[in-house]
Amino acid sequence: MKKSRSVMTVMADDNVKDYFECSLSKSYSSSSNTLGIDLWRGRRCCSGNLQLPPLSQRQSERARTPEGDGISRPTTLPLTTLPSIAITTVSQECFDVENGPSPGRSPLDPQASSSAGLVLHATFPGHSQRRESFLYRSDSDYDLSPKAMSRNSSLPSEQHGDDLIVTPFAQVLASLRSVRNNFTILTNLHGTSNKRSPAASQPPVSRVNPQEESYQKLAMETLEELDWCLDQLETIQTYRSVSEMASNKFKRMLNRELTHLSEMSRSGNQVSEYISNTFLDKQNDVEIPSPTQKDREKKKKQQLMTQISGVKKLMHSSSLNNTSISRFGVNTENEDHLAKELEDLNKWGLNIFNVAGYSHNRPLTCIMYAIFQERDLLKTFRISSDTFITYMMTLEDHYHSDVAYHNSLHAADVAQSTHVLLSTPALDAVFTDLEILAAIFAAAIHDVDHPGVSNQFLINTNSELALMYNDESVLENHHLAVGFKLLQEEHCDIFMNLTKKQRQTLRKMVIDMVLATDMSKHMSLLADLKTMVETKKVTSSGVLLLDNYTDRIQVLRNMVHCADLSNPTKSLELYRQWTDRIMEEFFQQGDKERERGMEISPMCDKHTASVEKSQVGFIDYIVHPLWETWADLVQPDAQDILDTLEDNRNWYQSMIPQSPSPPLDEQNRDCQGLMEKFQFELTLDEEDSEGPEKEGEGHSYFSSTKTLCVIDPENRDSLGETDIDIATEDKSPVDT
C-alpha cells in the first residue's frame with residue numbers, strides 16, 4: 001500500500017451575494033447555499049464562509065458572560081451536501097521530507113513535481129446537530145487589556161462555509177481582509193493582485209456615494225477594524241510563535257471552564273484538578289525531599305545515568321527464520337479467529353482485546369506485522385520478516401504486563417488507530433512511505449517501559465529518570481531512548497537498509513511525534529494545528545500546503561496524539577474497558593502515594609474519584625476540542641468519530657450518580673462560611689460600582705461568585721436556622 005504525494009481540491013459554488021448590500025444589512029457577507037446563522041452566539045457549521053459579527057457587538061461581549069446567552073454549549077447546524085475531493089497523485093520521489101518540493105514551481109501548479117494541499121471548500125458534510133467544544137465560546141470575558149478585545153468568529157471568505165475562526169492570528173488576517181474589501185468599496189477601486197483577490201472569488205462591488213449615510217457607517221466600521229488589528233499586532237511578542245497566541249487563549253478559556261467545574265461539587269473539583277495538572281503545561285514549584293545519607297550511599301552504587309534503564313537482554317531470534325514465521329507473526333492455535341478479527345485492520349474500532357486473546361497476548365507484534373504487510377513496508381524498506389518479528393517481540397517484552405493501561409495492548413491500539421488515520425481519504429496519498437513508517441513506528445514505541453505512574457509522580461519522588469531528563473517530558477524521553485536502544489540488540493535493527501539520510505530523518509520525525517504524546521503539551525499541539533488550519537482558511541487560496549517539514553510534522557504529531565486519545569471515540573464496549581484500565585492504573589498510583597505519605601494525585605484516590613464525571617470532563621475539555629479540530633482538517637472523514645464521541649459522552653453523563661442533598665445542619669454551616677468567605681469580595685464589587693476604576697488603582701481579587709444568604713426579616717424569629725435561601729450569581733473571574 002504505497003502512498004504518494006497529492007494535491008487535494010474541492011470545487012465550491014460561485015453563487016456569491018452582493019458584498020456591499022450584505023455589509024449594510026448584516027455587517028458580513030454570505031455566499032452560495034449557506035444557511036444564515038447567529039454566529040457570534042456560538043453556532044457554526046463544519047465548513048463554509050468565514051463570518052464576522054459587527055465590531056460593536058463583539059465589543060459588547062466584554063460585559064457579557066458566556067452563560068448570559070442562555071446557551072450552555074454551542075451546536076452545529078445540519079447540512080446536506082457532501083464535498084467532492086479530487087486527488088492528483090504525484091511521484092513521491094520528487095519530494096524531500098525536510099526540504100519540501102522542487103524549487104521554481106507553485107504547489108498549486110498542476111505540473112508541480114510535488115506538494116500536498118488541503119483545500120477547504122463551501123460544500124458541507126451532512127450530519128446531525130452536534131455540540132461544539134468550549135473553544136467556540138466567547139473569550140471576551142477573559143481579556144483585561146483594552147488591546148485584547150477578542151472575537152469568537154471570523155470574516156467573509158468566498159471559499160469557505162460558515163466557520164468560526166477562534167485563533168487570534170487567523171482573526172487578524174481575516175479582519176485585515178475585511179478592511180481591504182471595505183477599502184475597495186469606499187474608494188471604488190478594484191484590486192489587481194491575483195494573490196489577494198482572485199477574480200473567480202471577487203464579489204461584485206456597488207458604487208458608493210460618499211455623501212450617503214451608509215458610506216460613513218462603513219468607513220467608521222473599517223477604521224474600527226483596522227484599529228483592532230493594530231492593537232492585536234502591538235501585543236504580539238516577536239520571540240514567540242503566532243500559534244502561542246492561540247495556546248494562551250485556549251488555556252485561559254479552559255481555566256475558566258475548570259473554575260466553574262470545580263465550584264460545582266467536590267468531585268468536580270477533583271476532575272478539574274486532574275485535567276489542569278495533566279493537560280496544562282504548568283511549571284509548578286515541586287517540593288523534592290532532601291535525600292538522606294543512606295539514599296546518597298545507595299545512589300553511588302547504582303549504575304551510571306548515561307546507561308538507559310529498563311533495557312533487558314532477551315533472545316527471540318534463535319528460533320525465528322523466514323520459513324518458521326507464522327501467518328500473523330505470532331504462534332497461535334486460534335489462527336482462524338485471529339484472521340477474522342484482523343479483517344477490521346483498516347477500520348476504526350478494531351477490537352484489540354480480541355486480538356490479544358487470540359495471539360497469546362502478543363497484540364503489538366501481531367498488529368504491527370499485519371500493518372507492515374498491508375502497507376508493503378517490509379518490501380519497501382527491505383526489512384526481513386525475522387528481523388522485524390525479533391524486534392517487535394523484544395519491544396513488546398519491554399512493555400510491562402502488570403501495568404493496567406500503558407502496556408502493549410495500548411501501544412497496539414494506538415498503532416492501529418494511526419494506521420487508519422493515515423488512510424483517511426483526505427490524507428490517503430499525502431505522506432511519503434518514510435513518513436508513514438515513522439508514524440507507525442512512533443506509535444508502537446511511544447509508551448515502552450512505562451512504569452504505570454505519571455511524570456509528576458516521578459518528579460515528586462526524585463526518580464532517576466526525572467533527574468536524567470531534567471523533569472522535562474520524563475517518560476516520553478525514556479520511551480524514545482528504549483525504543484531506539486532496542487534497535488541495537490542482536491537481529492533487531494529493522495532500519496539497517498535505510499540510507500543515512502533516511503535514518504536521520506526518520507529518527508527526527510519519531511522523536512517529534514513521541515514527545516508530542518506528553519499530555520502536558522496538549523494545548524500547544526491543539527493551538528498549533530488550529531492556527532495552521534484557520535490561517536489557511538482566511539487566505540485567498542484557502543489551501544493548506546504541506547510543503548515543508550514543519551507543517552507536515554505538525555499534522556503527524558497531532559495524528560499520533562489523536563490516536564493516543566482515541567479511546568472515547570471507539571465503541572462504548574471498548575471505551576468502557578479502556579476506562580476501567582486507566583482508572584485501575586490511577587488507583588495503583590494513588591495507593592503508592594498513600595503508602596509514601598504523599599498527597600494523592602487527582603483522580604488517583606479510589607475512595608473519592610468520580611469515574612463517570614471524570615470521563616465527561618475529559619471529553620468536554622480535552623478529547624472533543626482535539627478531535628473537532630482534526631475533523632476540520634480532514635472533513636468529512638471524521639464525522640462518524642465525532643458522532644460516536646458524543647454518544648459516549650452522553651452515556652457517561654447519564655451514568656453520573658445523583659448526589660443526595662446534604663444534611664440541613666451542613667447547609668447552615670456552608671451558608672455561614674460562604675458569607676464569611678465572600679464578604680471581602682462583595683465590598684470590592686460595591687467599590688467598583690461607584691465609578692470607573694482609576695488608572696493605576698485596580699483591585700486584584702479571585703472570587704467568581706457572589707453568594708448571599710437571604711433571611712426574611714419579618715419572619716426571622718419564627719424561622720429556624722434551616723430556613724435560609726442561598727442566591728448565587730455567577731461573575732467572571734478577574735486575573736491580574
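Easy rule for this one: first residue shown is 1, then count along the chain.
Any Cβ shown, glycine's included, is placed from N, Cα and C.
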Candidates ASP376, ASP493, ASP564, ASP647, the one Swiss-Prot lists with HIS406, HIS410, ASP447, GLN615, PHE618 as binding AMP = ASP564
Request  = Kindly state the mean pLDDT of the domain 'PDEase' (330-659) in the predicted structure.
outcome  = 93
Ask   = What residues, ordered by sequence, lie under 8 A Cβ-to-Cβ from GLN615 (AMP binding site) and sit at least six positions away in the same chain?
value = PRO568, THR579, ARG649, TYR652
Query = So for HIS446 (Zn(2+) 1 binding site), how many other CB atoms are inside 10 Å of its CB?
reply = 29
Ask   = Least buried of the binding-site residues ASP447, ASP564, going by other Cβ atoms within 10 Å?
value = ASP564
Ask   = Using the Cβ centroid of HIS410, HIS446, ASP447, ASP564 as the reference point for the Zn(2+) 1 site, which residues of the same chain not in that list have Cβ within 8 Å?
value = HIS406, ALA411, VAL414, ALA443, HIS450, THR517
Inquiry  = What whole-number value in Å do you get for the largest C-alpha pair distance within HIS406, GLN615, PHE618, the residues recorded as binding 3',5'-cyclic AMP?
reply    = 18
Ask   = Under 8 Å Cβ-Cβ from PHE618 (AMP binding site), six or more apart in the same chain: what's there?
value = VAL271, ILE275, PRO568
